[in-house]
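A quick write-up on the structure given underneath.
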Amino acid sequence: MADNNSSSGSLVIDEQDYDVHEAGQQGQQGQQKHQQRQQERPSLITRVFRSVFGYRKTSLSLFVVATIALCVSLSYIDNSVDFISFPTVESEVNLLNAAWLDLQVIAKEQHPYGSIGNDRVHDFLERRIQELITGANFITWDNDINGNNSFMFESSSNPKTVSYYESNNLLVKIEGKNAKLPGILLSSHFDSVPTSYGVTDDGMGVASMLGILNYFSQQKKQPERTIVMNFNNNEEFGLLGATAFTRHPWFKLVKYFLNLEGTGAGGKAILFRATDYGIAKYFQNVRTPYASSIFQQGFANGLVHSETDYKVYKEAGMRGLDLAFFKPRDYYHTAEDNIRRTSEKSLWHMLSNSLDFIDYLSKDKEFGMNLEEKPNLLEEPAVFASFLNYFFTISTSQLFKINVALLTVFPILNGLLLLYTIRSRKWQVSFSSAISIPVALLVTMFIVVYLVVESYKSFNQYLPSSRPLLLVATITSILLLVFSIILVAFSFFSIIAEENLRLLAIVELSFAYWVGLAFTTHGLSGAESARHSGEFAVSILFTLEAVASFLGLIGWSLCRNRSHLQVAEGESVPLLNGIDARYSSDNDHDHEHRHGHEDNEHGEAHVQQQSQSRHKKQCKETVHSFGYDWSLQYLITVPLSIFIIYNSGWLVLEGVNKTLQESAKAETFVYNLLWIVSVSLVLPLIPFAGKLNRYMVFVLIAIGVLGTLLVHVVQPFNEANPLKLRFLQRIDGKNNASSVHVYARKGLATEVLEQLPSVRQSNETIHCSQLADGMEDCSFVSALAPQILPGYELGNYIEVTNNGSAPSQLFGVNYNQIKIVALKSQSCSLHFGDSKVKAVVVGSSLESAPAFKHLPSGYSFNKDHFYKDTSGIWNLTLNKLDSHSSFDISLYWLPGIDDEANTLQFDVECFWADLSPVALNNTVFEAIPAFNEVQQYSPISVSWANREKGLVAYTKQVHV
C-alpha cells in the first residue's frame, strides 16, 4: 500500500518537472521568436513609407485631398494676375507709369464713336503720339482724315447690308532698316460702347501701344523691320476701323499682326487665337505667356458671338495673334469697366508681353523668311497652351501624327498583354465585372445629371452666372459619392471582385479616352482642324491611362498563373502586383501592430503562408519591382488628369458662364458644360473610388449637402456678379412717343423696372414681349424724354427730304435723292425691307447721277461713293465724323411686280450715344435722363449695357 503511493507521488513529481521544463522551453522559444520579430521589424522610414504608400483607405484619401489642394492651388497661381511681377528696371517702370497715366486719361468718360468723348480721346492720342515720336526721325504718323478715308463695303450678306464709313484712325509707322522684310501691325481700338468707360475694352490695348511706341522712340535705334501701329476707331459696331486700315497705303507694308483686345475687365491677357502655327510659336519669346487654344476652338465653332479686329486682318490675308482680356464678363460693356475694376498688373501683363513679341520679331532678320520654307506646316492652325509662364505649341498636323501613333501603339501593346493575361488565366475578369464599372457610371450620371442638376436648374436657374465652381464642387462630390456607393454594393453582392476593380477601371477608362481621341484625331485631319484645336487635353488623358494600363498588365503577365496567387483562407486578397496583404490592408490600423497581433494569434497560419508553393514565391519576387503599384498608377493617372480637367474647365466656365444671361441656347450649353466638367473630374478617380475612407465619405456628404443648401439660398446675382440688362430708348416718328426698352432673359427685367420712380409715379404698365431664344423685350412709356437737342421737339430730331427724283416707266429703274439731317447723330440706318433697292450712292447730286447700267457692280468711287448689287440691298448703314453734317443719299430702285404705285417705302433709324450733359440758356440737362434713372435706381446687383450702337433710336418712315 505504501509502495504504491510512493510510486504514484514520484510520477506526479516527474510530470510536474516535465511540464515546468517544457514551459521553460516554450518560454525560451517565445522569447527567441519575439527577438526575431524585433530584429525583423522594419525601420521607421520603412514603416512610414509603407504606411503612406500602402494601399490603405487613409493613404488613398490623403492622396485625393492632396491632389485636389495642389491642383486648385496651381490653377489659381497660373491664372491669377496677382502673381505677375512688377517691372524692376527703371526704364520699364517709367513705361508702365506713363502707360497707366495714359489709360486714366483715356478712361475719363464714355467715348463711343460719334460722341464728344470720342473726339477728346482722339485728340489726346494725336497729341501723345506727336510727343512720343519727337526726335525719332525714323517714326512718322498719319491721321486717317484724308481724301480716301471714306468708303463703302458689304458688311453683312444675310440680309444684304452695305455700310458707309468715315475713318479717323491714327497711324504710326516705325520705319525698319530692311524694307524687304515683311512688316508687323500692332492694333487696338480707342472707342468704347456708350455704356462703358472702355478701360479693358480697349483702353488697355491703346495704353499698351503707347507704351510700346514710347519704348521704340526712346531706343533711338531703328528696328530691322517696319512696325505699323493702328489706333483705330469704331470697332464696337462693325470692326470698321480695322476695315478702314485695309484700304490705307501702309497696309501694303505689313504681313503680320498682333491685335490687342479686351472682352472682360482686368485679369490676365490671354492668347485667344493665332492664324497659324508659324506665327504662334513666336509667342514663346514673351516673358509671361498665358494662352489656351480652347478659346480658339470656341471662336471656330461659333460659340463666341462677339468678334474682334483679328477677324478683319485674317480675312485680309494677314497672319497674327489675338491677345485679349477675357474675364470677368460681368463688367464687359458696362460702366463697371472702369479704372477701379482693373490694376496696373493687368496693364503690365498686356504691355510687357506685347512689347516682348513685337521687339523680338522686329529684331529677327529671319522671321518671315523661315515662314515660307515649310508653308504647309507653318500655315496650319496651332494648338497651344501655357503653364506657369511656359508656352507650348504644336501644329494640328503634328498633333494629328502623334494621335495616330497613340491610337495605334497602345491598343496593340495593351491589347496583346490583356489577351495574354486572360488566356493564360493569370488575370480572370468575368463579364459582370467588365460591365459593372460602365453600368455604375451610367447609373450615377443619370441620377446626378437628370435629377440633381435639373433640380438645381429649376430652383436657381441663373446660379452658374456667379457660382459655377460651387455647382461643379457639389455635382462632383455627389457623383463620386453615388458612384462609390454603387461600387460597394456591387462588391457586396460579388458582382465585381475588389482585386479586379483598379486595373479593370484603368483599362476601361483608357478605352473611353481612346474613343474620344479617335474623334478628335478625325477632326484634326480635316480642313477645319481649328475647330478641334482645343482638344489637345484628350491626347494627354489617354496617354496617362494607357501607360497605367500597360504597367498594370505587365504586373499580371509576369506571374506564372493566377492560381498561384491565391492566398490562405482568412487573408485579404493581394494587390494586382502580388504584394502581401499586410501592406495593402483596407483598414486604417498600423500595419506593424496588426502584424504582431497576427503572429501571436495565428502563428500556425503564418508558418503555413511562408511555406506556400515556390511558384507563388517566385511570382511575388518577379513583380516585387512593381510593389505599391497603386500609388504609381495613382500618381500617373490622377494628379495631372485632375489638373488638366479642372484648369481647362475653369477657363471655359470663366469665359462663357455669363452668357446664359444672353440666350436659352447659351444656358443649355453652360449647364451641359457644368456636368461634363464634373463627370470628367470624377473619371480619373474611378479606379480608386471604392477605397475612400469614412472621413472622405463624410466630407463628400458634407459638400453635397452644403452645396445643395447653398444652391437653394444663394442669390444668382450680386455686386461682383451682376445681372446685365440692355437699354434702348425708342422714339416713334409717327407720334413722337418715347418708350424705354430693356432686353433680358425672360422674367429678369420686370422687377427691376417696377421700382423706377418714373414708372411708379406714372403708373405705367410694363409690357414684355417674347423674343427668340428665351429673351424678352420689356418696355414702358417714359415721361423722361431725351434732351440730346435741348430746345428741339422730338419730331424734329430727324428731317428727311426728297431732293429730287428721276422716275422711269413702271418696272424701270427709279432714282431718288434724299437728305437726312439728324443733328449730333453720327450713325443712321436705312431699312428697305426687301430687295427693291439695287444701288446706293452717298454724296451724289441729281445732276451728276450716272445711268444705272453704267454703274459697275460692287463698290466704286468717283467723287461719290457707289455700291451696286442687282440682287438687291436690304439695309444701308451710315457713319460720319461730323455730327452737324447731313447724309446725302441716292437710291436706284425697282418697284415690285405687284406694286400698285411706283413708290418706295423704307425706315430711317438714327442713333445717339453721347451721355455728355448738354446746356441751353445756361441750364444744364442730362442728355438721356431715362438711362441715368435706370442706372441710379437699379439694385447694386444690376449692371447696364447698350442694346444697339446708341442709347436712343429714332425711327421715321419715308415714302419716295
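Placement of Cβ uses the backbone N, Cα and C atoms for every residue, glycine included.
Note that the coordinates shown come from a computational prediction; the quantities given were computed from them, not determined experimentally.
Residue annotated by Swiss-Prot as N-linked glycosylation site (from the set Asn148, Asn561): Asn148.
Taking the topological domains listed in Swiss-Prot, Ile45 lies across the membrane from Asn657. Site annotation for Zn(2+) 2 in Swiss-Prot covers Glu236, His333, and the matching candidate from Asp144, Asp201, Asp276 is Asp201. With a threshold of 8 Å between CB atoms, the same-chain residues lying at least 6 positions outside the transmembrane segment (669-689) that come near it are 60, 64, 303, 437, 441, 445, 448-449, 453, 457, 464, 468, 471-472, 475-476, 479-480, 483-484, 487, 501-503, 505-506, 509, 512, 630, 633-634, 637-638, 641-642, 645-646, 649, 652-653, 656-657, 659-660. Within the chain carrying the transmembrane segment (477-497), a Cβ under 8 angstroms from the stretch's Cβ atoms is held by residues 432-433, 436-437, 440-441, 443-445, 447-448, 452, 504, 573, 678-679, 682, 685-686, 689-690, 692, 697, 700-701, 703-704, 707, all 6 or more beyond its ends. Secondary structure of the topological domain 'Vacuolar' (454-476) per DSSP (helix as H, G, I; strand as E, B; remaining residues coil): 18 helix, 0 strand, 5 coil. Reported as a whole number, the C-alpha separation between Glu236 (Zn(2+) 2 binding site) and Glu261 (Zn(2+) 1 binding site) equals 11 Å.
Between the transmembrane segment (433-453) and the transmembrane segment (402-422), fewer than three CB pairs separated by 6 or more residues in sequence fall under 8 Å, so the two stretches do not touch.
The stretch in closest packing with the transmembrane segment (636-656), judged by the count of Cβ pairs under 8 Å and taken from 58-78, 402-422, 697-717, is 58-78. Each of Ser192, Val193, Ser196, Gly198, Asp202, Tyr332, Asp337 belongs to the same chain as Asp201, Glu236, His333, is absent from that list, and has a C-beta within 8 angstroms of the C-beta centroid marking the Zn(2+) 2 site. Annotation for His333 (Zn(2+) 2 binding site): same-chain Cβ neighbours under 8 Å, separated by at least 6 residues, are Val193, Thr195, Ser196, Asp201, Ala945, Asn946. Taken residue by residue with DSSP, Asp201 (Zn(2+) 1 binding site) is part of a helix.
Within its own chain, the topological domain 'Vacuolar' (454-476) is flanked in space by residues 330, 448, 649-650, 653-654, 657-658, 660-661, 667, 670-671, 674-675, 677-678, 681-682, 703-704, 707-708, 710-712, 714-718, 720-721, 723, 745, 748, which lie at least six positions past its ends and keep a Cβ under 8 Å from the stretch.
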